[in-house]
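Database features (Swiss-Prot):
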type    : residues                                                       : note
REGION  : 46-249                                                         : region 'Uridine kinase'
REGION  : 259-469                                                        : region 'Uracil phosphoribosyltransferase'
BINDING : LYS283, ARG292, CYS326, LYS327, ARG328, LEU329, ARG381         : GTP binding site
BINDING : ARG336, ARG361, ASP387, THR392, GLY393, ASN394, SER395, GLU458 : 5-phospho-alpha-D-ribose 1-diphosphate binding site
BINDING : GLY457, GLU458, PHE459                                         : uracil binding site
Amino acid sequence: MGSKSVVDMIEAASRAHFSGLHVNGHMNGLEPSALKETTSASEDIQRQPFVIGVAGGAASGKTTVCDMIIQQLHDQRVVLINLDSFYHNLTEEELARVHEYNFDHPDAFDTEHLLSCMEKLRQGQAVDIPKYDFKTYRSSVFRRVNPTDVIILEGILLFHDPRVRKLMNMKIFVCTDADVRLARRIKRDTVENGRDIGTVLDQYSKFVKPAFDDFILPTKKYADIIIPRGGDNHVAIDLIVQHICTKLGQHDLCKIYPNLYVIHSTFQIRGMHTLIRDSQTTKHDFVFYSDRLIRLVVEHGLGHLPFTEKQVITPTGCVYSGVDFCKRLCGVSVIRSGESMENALRACCKGIKIGKILIHREGDNGQQLVYEKLPNDISERHVLLLDPILGTGNSAVEAINLLISKGVPEGNIIFLNLISAPQGVHVVCKKFPRIKIVTSEIDNGLNEEFRVIPGMGEFGDRYFGTDDD
């Protein structure tokens, strides 16, 4: 660290500073010219739907599963889009030899059109989805699909293209016995599509079965959930619906990042946020209500620690079956704002060890000064990283990288803060997908000065009473 002393570094960090790391007026890794686009993207994501992909072999029960999910979620919130709608129209030459056309091959689908429609729906635009006629082998009519909370995509090869998989928040594979699927296919194609049984069996042995083995079954590994017996598995479908309902009640970023947790909002929490965000709130009230909120965040964060079952004898002589939480724990505060969260952690965890990290950039060359004082055995502990504001995410990344370099497993870090900007959430969660983030609210984004908006100003200055005003 050259001639700079630790005292000088802490003094520098005590002056007015922003939540992100800055170099020559620019946020590290993000140019100001791109700020509006980034902020806009973070706002768009809050309008994006929860996308469920349902794949599996032909006649495995995918449509039945989708219908049951829709019925339990209420159809006004859900739209079903079938991959069959995106078959290519057959040419005259292909129509003349239609029985030799492989409808179960990835090339039979217009994947680009599907991606285009999904992109528009994710941007809040209505789209026209084609309706494929299996008697004429053409799309002659369209149906208008409006943006909605939940989009269910269904199709045999839905997981084949990685670009389509990337759109999905949940991937379900319906697994049904091959004989059952064949019997269903014979019934469907002869009764509904007017085909003769000989043609159906010939197509099954020539195209359907090889396609399942070559293209469909290998994509089973991408599924988040595998449902045996399709629509007959009511327990699995009930669990899926419960999970979807939970996700619908969460902030949209929580649907994308499963390790992001926003504590349940109540009028008490909203009221405390109103007070600490108010520029006219006195220092005494700001500290009082900040401490209350910090305590709630810390308690919620502790709930994500591993535990073991434990039985105790109560004063009445009865046995109580409870849990025993992880004892190998420490806190690490990011100087200076993070120190405001230490008292709440000590109040919740008697005698807990707390380390400190200082990350600061100064000068035209953007030299980074880092000071750290951490427990010697930190690699053996679960770590609660304390910083009340997650802004650009760059300071958090530096702190997390330091912890990992000290041997702390990524999955052992829980990052606690009061408010988070979507940009910071993206940066941290994409780089460290196993880290848990616990926050009390997610704000709109960052302004041109890289401050969280609506935000609460410079937290450290307001909490420790070092405002320049």
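Each residue, glycine too, has its Cβ placed from N, Cα and C.
DSSP classifies ARG292 (GTP binding site) as helix under the three-state reduction. For the binding-site residues shown (ASP387, GLU458), fewest C-beta neighbours within 10 angstroms: GLU458. Excluding the listed site residues GLY457, GLU458, PHE459, the same chain places SER337, ILE389, GLY455, MET456, GLY460, ASP461, ARG462, TYR463 with Cβ atoms within 8 Å of the centre of the uracil site Cβ atoms.
For the pair GLU458 (5-phospho-alpha-D-ribose 1-diphosphate binding site) and ARG381 (GTP binding site), the C-alpha distance works out to 31 angstrom. With respect to Cβ neighbours within 10 Å, the binding-site residues LYS283, ARG292, LYS327, ARG328, ARG381 differ, and LYS327 shows the lowest count.
In this view, the densest Cβ surroundings among the binding-site residues GLY393, GLY457 belong to GLY393, judged by other Cβ atoms lying within 10 Å. Note on proximity: of the binding-site residues LYS283, ARG292, LEU329, PHE459, the one nearest GLY393 (5-phospho-alpha-D-ribose 1-diphosphate binding site) is PHE459, by Cα distance. Across the fold, the C-alpha of THR392 (5-phospho-alpha-D-ribose 1-diphosphate binding site) and the C-alpha of GLY457 (uracil binding site) stand 14 Å from each other.
Cβ neighbour count for ASN394 (5-phospho-alpha-D-ribose 1-diphosphate binding site) (all protein chains, 10 Å cutoff from its Cβ): 24. Of all residue pairs in LYS283, ARG292, CYS326, LYS327, ARG328, LEU329, ARG381, the annotated binders of GTP, the farthest apart have Cα atoms separated by 36 Å. Predicted-model confidence for the region 'Uridine kinase' (46-249) is 89, expressed as mean pLDDT. In this view, PHE459 (uracil binding site) is surrounded by 24 other Cβ atoms within 10 Å of its Cβ, with every protein chain counted. Between the binding-site residues CYS326, LEU329, LEU329 has the most other Cβ atoms inside 10 Å of its own Cβ, all protein chains included.
Here the binding-site residues are ARG336, THR392, SER395; the one with the fewest Cβ atoms within 10 Å of its Cβ is ARG336. Under the DSSP three-state reduction, LEU329 (GTP binding site) is assigned to strand.
Taking the Cα of CYS326 (GTP binding site) as the reference point, the closest of the binding-site residues ARG336, ASP387, ASN394, SER395, PHE459 is ASP387.
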